[in-house]
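These notes are about the structure you will find just below.
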Amino acid sequence: MGCLFSRRRKPAQGVQQQQAAPGNGQEAAGGEEKAPPPQYSWDQRAKVDPKDYTFSGLKDETVGRLPGKVAGQQFIIQDCENCSIYIFDHSATITIDDCVNCQIFLGPIKGSVFFRDCKDCKCIVACQQFRTRDCKKLEVFLCCATQPIIESSTGMKFGCFQYYYPELALQFKDAGLSIFNNTWSNIHDFTPVSGENNWGLLPEDAVVQDYVPLPSSEELKAVRISTDATRSIIPITRGRRQKSSDESCLAVFFAGDYTTANARKLIDEMTGKGFQLVQTKEVSMKAEDAHRVFQQRASEFIPLLEKGPVVALEFNGDGAVEACRSTINDVFSGTKVFVSESKASASQDVDNFYNFADMQMGM
């Protein structure tokens, strides 16, 4: 008697005839082929070799990974000295431990990047979360969606992420990062020392290639890189640097097919006229948020909020409000955009929006 859940295979006609013949029963049963084991989707995945996602114990080398070679995996960099390291792809998380005098580029990181026990390194980093512990003299061009944190670290310097290569925009999307959410200058020092400042900002005129040179190896030269500020995937913002004027202007684009392109176009127009981009933000809003931010004009924009997140831009400079309103009327005449109406109301507009956005994003 067989097991209730066993699979019985229907024998072929010839076998049935053999089984019918006397004395052939045992041979037929003994010669029956076993069914192949079941195949599952996880058995067919390519095996991940940790060595492909690790740089360890290197000295005086230039190494990297080309676009598509990391593809969202975790990566480890450790015990490297005098190295130039380039990760031209998106990843899940990256840890950098015990590295000295290295130049490091890290493409978009979906989760966190954690520097530990590193010193005298120069870096370009895009990530969701940024943290350092027990580090000395790191200089970082940063794009970080949340507030960067340093702990037991000294001599830290930060600037705005500034980089371009053709695959980078899609890598930001694959990592779930918005090019408009960058809190690079809003550093939280977890272990402040009274009377000392463990971090500061890089010079405004800092040249990216002076800190992290373009790769010298033939393989990595294939990546078409530009460090020109006008081509940077991330808009270059002033962050927490002192504003040059007491006049700012808030412009808010609503979700649509060309939201990103329109925001970039306005940035180009305004900075081309000498105004400074202070900060940007992409965030979802509800009706009650619109009332808080847009005040009396909220009813105009509430129907647009269901389409997706908004993109907000703060510009600064004498005459910013008039210039921004004029540009939007000339260039975006068919697009619904919120723009500050006057210098008197603009400051409150900026505070209302970014206070809301910081609360929304848990800043």
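Even glycines carry a Cβ here, placed using N, Cα and C.
No curator has checked TrEMBL annotations; they are predicted automatically.
For reference, TrEMBL has these:
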COMPBIAS  1-11  compositional bias 'Basic residues'
REGION    1-44  region 'Disordered'
LIPID     G2  N-myristoyl glycine
LIPID     C3  S-palmitoyl cysteine
COMPBIAS  12-29  compositional bias 'Low complexity'
DOMAIN    37-192  domain 'C-CAP/cofactor C-like'
BINDING   G111, S112, Q128, Q129, F130, R131  GTP binding site
The most crowded of the binding-site residues G111, Q128, F130, judged by neighbouring Cβ atoms within 10 Å of its own Cβ, is F130
Of all the Cα pairs drawn from G111, S112, Q128, Q129, F130, R131, the residues the record ties to GTP, which distance is largest, in Å? 11
Across the domain 'C-CAP/cofactor C-like' (37-192), the model's average pLDDT, rounded to a whole number, is 95
Cβ within 8 Å of the GTP site centroid (G111, S112, Q128, Q129, F130, R131 excluded): which residues? T93, I109, V113, F114, C127, C144, T146
